[in-house]
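Here is what TrEMBL says about this protein:
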{"type": "DOMAIN", "residues": "7-136", "note": "domain 'EamA'"}
{"type": "DOMAIN", "residues": "155-291", "note": "domain 'EamA'"}
{"type": "TRANSMEM", "residues": "69-91", "note": "transmembrane segment"}
{"type": "TRANSMEM", "residues": "97-113", "note": "transmembrane segment"}
{"type": "TRANSMEM", "residues": "122-140", "note": "transmembrane segment"}
{"type": "TRANSMEM", "residues": "152-172", "note": "transmembrane segment"}
{"type": "TRANSMEM", "residues": "181-201", "note": "transmembrane segment"}
{"type": "TRANSMEM", "residues": "221-239", "note": "transmembrane segment"}
{"type": "TRANSMEM", "residues": "251-269", "note": "transmembrane segment"}
{"type": "TRANSMEM", "residues": "275-291", "note": "transmembrane segment"}
Amino acid sequence: MEKFCWKGHASMLGANTMWGLMSPLSKLLMASGAVTSLVVTDLRIRGAMVLFWIASFFQKPEHVNHKDLITLFFASLFAIVFNQGCFIFGVSLSSPADASIITTSMLLAAFILKEPITGKKVLGIACGAGGALLLILGSSQNQPAASSASHTAIWGDLLVLFAQFCYAFYIVRFKDFVNKYSLITIMKWMFTYSFICTIPFSASDLMNADWSGLKAVEIGSLTFIVVGATFVSYMLIVVGQKNLRPTVAGMYNYIQPLVACIVAVCWGMDSFNTTKIIAVVLIFGGVYLVTSSRSRKEMEAYKQTERE
């Protein structure tokens, strides 16, 4: 049995909890009309970039060779630019609240890292997906039906799916690379590249934003989104990525709809019922099954023992 890594699991749980909390806070923030989703995305990237550069001054200088800077550029495209950009635009066109990144992570891990797809792992992913789906469908039943716009919704779903694929690809493809440098150095350069890529698209919205119209609660929400749900969360993701298998790290994404649902219930935006209790059991049961499934090293060791 693979040794349980508390640091990796706690990091992924913390990051996805903050991302789950970010969803209702973002809706609260943008409901005022003072800022757009593009402005929120820009401030997340810009704020995190500044914070990571400040943090880098408090650690030993670390040289990054030119080839690795190019790798960091592509990592930033998949983990931040494509992921956040496509997700924001996709959700603006529809409300899919999709959790398929976990399945994508498993498939990519199987092809790129040769991670085994076991029955236990598939069952765990199915349980987690079922629980997340119950939460999403249960919450949507309490909301008024939106006007039919199937063509727009399809494009929204495709954008969100692409965003999830990009993030899953980052988790799997760059797993070994993140061990070469400190997490501050990695995030500093990734957010710098992301800022350069996004500023041409967000400059107009930033200049037209009604900054004076922001209330204290909205400023607090924006501060949490930048500091907690971006700066702290992305540091935790790297810690989790260094210590956990991609399928296990990706499994924690199912925590996001759970947290969003709990916050909605606490704020009176939703109600708690038997369906949600079942969903919670399925999500945590799924996380346990995937976490306790065999890794590639364990499978190889088991086969070697059988031969002997």
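Any Cβ shown, glycine's included, is placed from N, Cα and C.
TrEMBL labels come from automatic prediction, so no person has curated them.
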Do the transmembrane segment (221-239) and the transmembrane segment (251-269) share at least 3 Cβ pairs closer than 8 Å, excluding pairs fewer than 6 residues apart in sequence? no
Model confidence over the domain 'EamA' (155-291), as mean pLDDT, sits at 82
